[in-house]
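What TrEMBL records for 12-29, 41-62, 93-111, 123-142, 148-168, 180-202, 222-242 is transmembrane segment.
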Amino acid sequence: MASWNSIPLEITYQVVGWIAFASWTFGFYPQLILNFRRKSVVGLSFDFVVLNLTKHTSYLIYNASLYFSSTIQKQYYEKYGFDEMIPVAANDVAFSTHAVLITLIVLFQILIYDRGSQKVSRIAIAIVIAVWLFAAVCFFIALPRHSWLWLISIFNSIQVFMTVVKYIPQAFMNFKRKCTAGFSIGNILLDFSGGVANYAQMIVQSIDQGSWINFYGNMGKMLLSLVSISFDIIFMCQRFVLYPNKKAQVPPKLIEETTEPLVNTSDHKQSEIV
């Protein structure tokens, strides 16, 4: 089992890692607070939130398994060498756990706050179902030979895939509405900071160990940072360049629909049936 060669680099690694954790963690709250203040989730893509939950759950399974399981750690050492370090830190596990909990809270806000005519698309639902069915098949493939490292690597790949997919609905919604109202830019700024810090943490570890194995040994963490940074730049361009201080271009009919409560009254349900 490898150890740190430089104490200053070890301290830097921990500091940068917890900066990433703080940025990504606090990045959830601007949207949470915005929803609470407006008592509305109009403008927030529900597909983004649903896909995000699958993404963070997959990442939590990967991080927690590799960080806590001695069996999986042994398989990692056997594959990459016993002189290498585990590429998952405590801040990775803490972030994933917090991300799942906060995303569940945002989903609860979607259920109780005004959402207008917005709903989760069938495409998003199909993607989530397909991903978890795929994960279940992989579990039964790994079970006979106890290929747990391979299995959690699948979950790591899933979270990368979901990271790419989850941003697309929100970016498209902003483009379609020609507006970013209802979507917190604070979330994006902190997410960008977290992505940069997360990538920097991996570089610090590689410099200390004189090896870049932690990059392809944890390809998901590297791609997570790069994908997040790329989409964050797109969102910042939408907010500050393309649609600065613009109100959503919403048809009159849709405006009327957005005033409807999330939980319809019995009269309203009857009118819909008729």
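Backbone N, Cα and C define each Cβ position, glycine as well.
These figures come from a predicted structure and were not determined experimentally.
When Cβ distances are compared across the two stretches, the transmembrane segment (93-111) makes contact with the transmembrane segment (41-62), since 3 or more pairs at least 6 residues apart fall below 8 angstroms. Beyond the transmembrane segment (222-242), the same-chain residues lying 6 or more positions past its ends with a Cβ under 8 Å from any Cβ of the stretch are 59, 159-160, 163-164, 167, 170-171, 174-175, 178, 180, 183, 185, 188-189, 191-192, 194-196, 198-199, 202, 215. Taking Cβ pairs closer than 8 Å, the transmembrane segment (123-142) reaches residues 46-47, 50-51, 54, 58, 148, 150-151, 154-155, 158, 161-162, 165, 169 in its own chain, all 6 or more past its ends. Listed as Cβ neighbours of the transmembrane segment (148-168) (distance under 8 Å, sequence separation of 6 or more from its ends, same chain) are residues 47-48, 51-52, 54-56, 58-59, 61-62, 65-66, 69, 71-72, 75-76, 79, 127, 131, 134-135, 138-139, 142, 218-221, 223-224, 227-228, 231, 234-235. Panel annotation: around the transmembrane segment (41-62), residues 31, 35, 88, 93, 96-97, 99-100, 103-104, 106-107, 109-110, 113-116, 118-121, 123-125, 127-128, 131-132, 135, 152-153, 155-156, 158-159, 162-163, 165-167, 169-170, 173, 177, 179-183, 220, 224, 248, 258 of the same chain, lying at least six beyond its termini, place a Cβ under 8 Å from a Cβ of the stretch.
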